[in-house]
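Asker: Below are the structure tokens for one structure; questions will follow.
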Amino acid sequence: MNDYTLALRRERRLLMLLGWVCIALLAGALYLQYVKNEDPCPLCIIQRYFFCAIGIFAFLAAGIRNWRGVWVLELLIAIAAAGGVGTAARHLSIQMNPGFSCGFDTLQPIVDSLPPAQWFPGMFKVAGLCETVYPPIFGILLPGWALIGFAVILVAVVASLWRHRRKLAS
């Protein structure tokens, strides 16, 4: 085995881990929804879509055996994580500033009309308001945790893209 193969194998293992982390985060969201009765708002559902996209791209990238394919999927992961950062930051700003709204009247029908909301309504149907502040976990609101998660994923994937940029030429 050469360094190229070892690096690709290590990268694929990390991508598998990222995929499983996304599954765990989505399972945590379902736990909060069904056990703690914390209904998801439109921005919560959009964040779930971003975590799903990151997980799917991570699992697909873990199955690819060349750097170019891994690079393309890691780029898609970075784009999804950046979208998640923006959505979570907006959600957090709404919760930190009472009186603001996420535009439930306009956002809810759009989110609920997406195909996954029809296929998996228990996971992707809007049931709450963005202004509803649920009890913080370790002093941080839920959108804050999502923001931290998306930011960590974004930084890690961008660092990986930067670190392995020379392997694309090979």
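Note: Cβ is positioned from N, Cα and C throughout, glycine not excepted.
As the structure is a computational prediction, the values presented were derived from the model and not from experiment.
Look at Swiss-Prot and you will find Cys41-Cys44, Cys102-Cys130 tagged as disulfide bond, backed by sequence analysis. Look at Swiss-Prot and you will find 1-14, 65-71, 164-170 tagged as topological domain 'Cytoplasmic', backed by sequence analysis. Per Swiss-Prot, the feature topological domain 'Periplasmic' maps to 32-49, 90-144; the stated evidence is sequence analysis. According to Swiss-Prot, the feature transmembrane segment maps to 15-31, 50-64, 72-89, 145-163.
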Asker: Per DSSP, what is the helix/strand/coil residue tally across the topological domain 'Periplasmic' (90-144)?
Answerer: 28 helix, 2 strand, 25 coil
Asker: Looking only at Cys44, Cys130, the disulfide-bonded residues on record, which one has the least crowded Cβ, with the fewest other Cβ atoms within 10 Å?
Answerer: Cys130
Asker: Can you grab the distance from Cys44 (disulfide bond) over to Cys130 (disulfide bond)? Cα atoms, rounded to a whole Å.
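Answerer: It is 8 Å, counting Cα to Cα.
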Asker: DSSP-wise, what's the residue breakdown of the topological domain 'Periplasmic' (32-49) into helix, strand and coil?
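Answerer: For the topological domain 'Periplasmic' (32-49), the helix, strand and coil counts are 11 helix, 0 strand, 7 coil.
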Asker: Excluding the flanking five residues on each side, which residues at least 6 beyond the ends of the topological domain 'Periplasmic' (32-49) place their CB within less than 8 Å of a CB in that stretch?
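Answerer: That would be 26, 84, 87-88, 90-91, 94, 102-104, 107-108, 110-111, 114, 116-117, 122-130, 132, 134, 142-143, 146, 150.
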Asker: Hey, how far is Cys41 (disulfide bond) from Cys130 (disulfide bond), Cα to Cα, in Å?
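Answerer: On Cα coordinates alone, these residues lie 5 Å apart.
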Asker: Inside 10 Å of the Cβ of Cys41 (disulfide bond), count up the other Cβ atoms and send me the figure.
Answerer: 25
Asker: Can you check how the pLDDT averages out over the topological domain 'Periplasmic' (32-49)?
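Answerer: PLDDT averaged over the stretch: 92.
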